[in-house]
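Pulled from TrEMBL, these are the features on record:
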{"type": "TRANSMEM", "residues": "66-88", "note": "transmembrane segment"}
{"type": "DOMAIN", "residues": "68-254", "note": "domain 'Ion transport'"}
{"type": "TRANSMEM", "residues": "100-120", "note": "transmembrane segment"}
{"type": "TRANSMEM", "residues": "141-159", "note": "transmembrane segment"}
{"type": "TRANSMEM", "residues": "205-226", "note": "transmembrane segment"}
Amino acid sequence: MSTRRRSVISHGFNRPQSRASIISLYSIAYDEDKHRKLSRVFSAIFVHKKIDIYHVLERQEGTRTLAYHLFVFALTLVSLVFGSILTIDEWRPTLDAPLYYGELGLFVFFACELLLRIWSAGGVLKYRTWVGRLIFISRPSIILDILTLFGFTISLATGLKTREFPSLTLKFLPPLQMIRFLRVDRQLSSWKILKGIIVTHRQELTVTLVIAFMFLITGSYLLYVAETPIDPTLNKGNFKSIADTMWFSIITVMFT
C-alpha cells in the first residue's frame, strides 16, 4: 500500500474522533453554562427568601409582618398575664408548672427567632459579610434580646429540677416578661409617635403639668389642715405630714 493511500485511510479514521471530541467539548461547555444559570437562579431565589424573612422579622409593613407581630404580641401578653397571676398565693400551686413549661417554650421560640434574625440579615447588603453580621448583632435591640434570653436562661435553670419557678425567681420574672413584651415594637414606632406628640405640643403639656402640680400641692395642704389636729399627740390617723397627704392625692388621682 502506498504512503499516500495510508495517509488518506488514517486521515479518514481519525476524522470521526476529532468530531466526537469537538461535540463532547461543546456539550461539557453547555452543561457547565446550564449549571451556572441554575445556580444563579437558585441563589437569587435563596437571597430573595432571606430578604423576605428579614423584612417579616425586622420591619412592620405588610400583612404577613402584621400577622406575625400580632402573634408574638399575643404570646408575650399571655405570658405577662400568667406571670402576674402567679404572684397570687392561691393560684401558684395550679399555674406554676404550666407557666414554667410555657416560658420554656417561649425561650426556645425566641432563641430560634434571634438566630433566624442574624441569619436573614445576610440578605441586606450592609450585613452580608461577617463584619456586617457583627454590626447587626451590636444593635441595641439585638443586645437587649440577648440579655433577655440570658435572664430567662438563669430563671429557667433555677427550676430545672422541680419544673417550677422558686419564690425568689418569681420576683424577678415579671420585669423580664415586661421587657419581652415591650420588645415587640422593634422599630419603636409607638415611642416615635409619642415623641412627636410631645415635641409638637410641648408648650401645652408644660402648662398642664405646672397647673396639675399646683393643684396637687394645694389639695395636699388643705387635706393636711383638715385631717391633722392642732395637737400632734392626738393624731392617730394616716395623715401625719404633707408628704402623706400628697401621696394619698397622687394615688387617688392615678386610680380614679
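From the backbone N, Cα and C atoms, a Cβ is placed for every residue, glycine too.
The largest share of C-beta pairs under 8 angstroms with the transmembrane segment (100-120) comes from 141-159, of the ranges 66-88, 141-159, 205-226. Each residue in the domain 'Ion transport' (68-254) has a pLDDT score, and their mean in this model is 82.
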